[in-house]
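K.L.:
Quick one: structure below, then a few questions.
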Amino acid sequence: MAEAVETLDGWYMLHDFRQVDWTAFKKASTEEREQAISELNHLMASWQDVEGEKQGSFGFYTVIGHKADLLFLNVRPTMEELTELETALNKTKMAEYFTQPYSYVSVVELSTYMAQGKDPETDPEIQARLKPILPKWNHVCFYPMDKRRQGDDNWYMMSKEERVKQMYQHGMTGRKYAGKVRQIITGSQGLDDWEWGVTLFAHDTLQFKKLIYEMRFDEVSARFADFGSFYIGHRKEREELERIMHV
Ligand code: VOV
């Protein structure tokens, strides 16, 4: 009989994608634009303060392609905090020029397939992974995914031993990218439309392609993974907001 593997769950994560209505923003007066930028800047500064106090984390990215222009990535101990900060963003002047083409809600998850008998409550490495400070690496890649439930390719009907074997192989492929790609896996069963969110960080965007391509050949991805849309962003400092929004 298949059995669920225990998960360790940490901080919650909101991927908040926004698109800018440049036409409307260009029509705004200089004062209105300055006010909108300064207000958003203050809000982002408050999110950075939360990271400084180790009560969450924040990343700001510009997004390439038609799917979005900006990504506000926030991590917090509770989902309520994420709802509140999303509302705070919606109330800003800048939000009058934003639409929200996509968002994703999930919680940082470590599965215990590779459990090493450590106490998750006290082990500093596990605690740091459950309550992550987002890496200050140049690029981010986000996509949601499911594990397939179709005919013979049903992840949820497989024995735990077989799943451990496949996850081990997955981990070995991932480890080849140490120093090049960092991953935060978030669980979203019951929280959003897919089962997991995959958030990757890299210094070089090409490493996303290399890792994801290589993983496609691991049985767990080849047989069992279904993917949603992919989003690629570039990390920006808060101080760059003015330049990014300059019209
Ligand atoms: C940077 C690379 C990297 C590394 C080192 C890595 C390692 C590991 C380990 C050791 C473990 C298991 C323990 C844990 O920590 O949970 C996982 C777990 C997981 N992964 Fe992973 N993964 C990576 C990267 C990585 C990628 C690129 C993907 C997307 C798959 C693809 O084909 O596009 C992915 C997915 C997942 C998922 C969905 C889970 C949870 C599966 C479940 O059924 O519970 N992952 N992952």
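Here the Cβ of each residue, glycine as well, is placed from N, Cα and C on the backbone.
Take a look at what TrEMBL says about it:
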BINDING   ARG129, TYR143, PRO144, MET145, ASP146, LYS147, HIS170, GLN183, SER221  Fe-coproporphyrin III binding site
ACT_SITE  TYR143  active site
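How buried are these features, and what lies next to them?
P.N.:
SER221 (Fe-coproporphyrin III binding site) is surrounded by 20 other CB atoms, counting those within 10 A of its CB over all protein chains shown.
Sequence-distant neighbours of TYR143 (active site) (same chain, 6+ residues apart, CB-CB distance under 8 A): GLY197, VAL198, PHE227, GLY228, SER229, PHE230, TYR231.
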K.L.:
Count the other Cβ atoms sitting within 10 Å of the Cβ of ASP146 (Fe-coproporphyrin III binding site), across every protein chain shown.
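P.N.:
So the number of other Cβ atoms within 10 Å of ASP146 (Fe-coproporphyrin III binding site) is 17.
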K.L.:
Enumerate same-chain residues with a sequence separation of six or more from ARG129 (Fe-coproporphyrin III binding site) and a Cβ-Cβ distance below 8 A; give 'none' if the list is empty.
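P.N.:
GLY10, VAL108, LEU110 - these are the non-local Cβ neighbours of ARG129 (Fe-coproporphyrin III binding site), listed in sequence order.
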K.L.:
Using DSSP, would you call PRO144 (Fe-coproporphyrin III binding site) helix, strand or coil?
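P.N.:
The residue in question, PRO144 (Fe-coproporphyrin III binding site), is strand (DSSP, three-state).
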K.L.:
Long-range same-chain neighbours of HIS170 (Fe-coproporphyrin III binding site), Cβ under 8 Å, sequence gap at least 6?
P.N.:
MET215, ASP218, VAL220, SER221
K.L.:
Just to be sure I understand the contacts, which recorded positions have a Cβ under 6 angstroms from any atom of ligand 1? Candidates are ARG129, TYR143, PRO144, ASP146.
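P.N.:
By the Cβ criterion, which requires under 6 Å to ligand 1, there are no hits.
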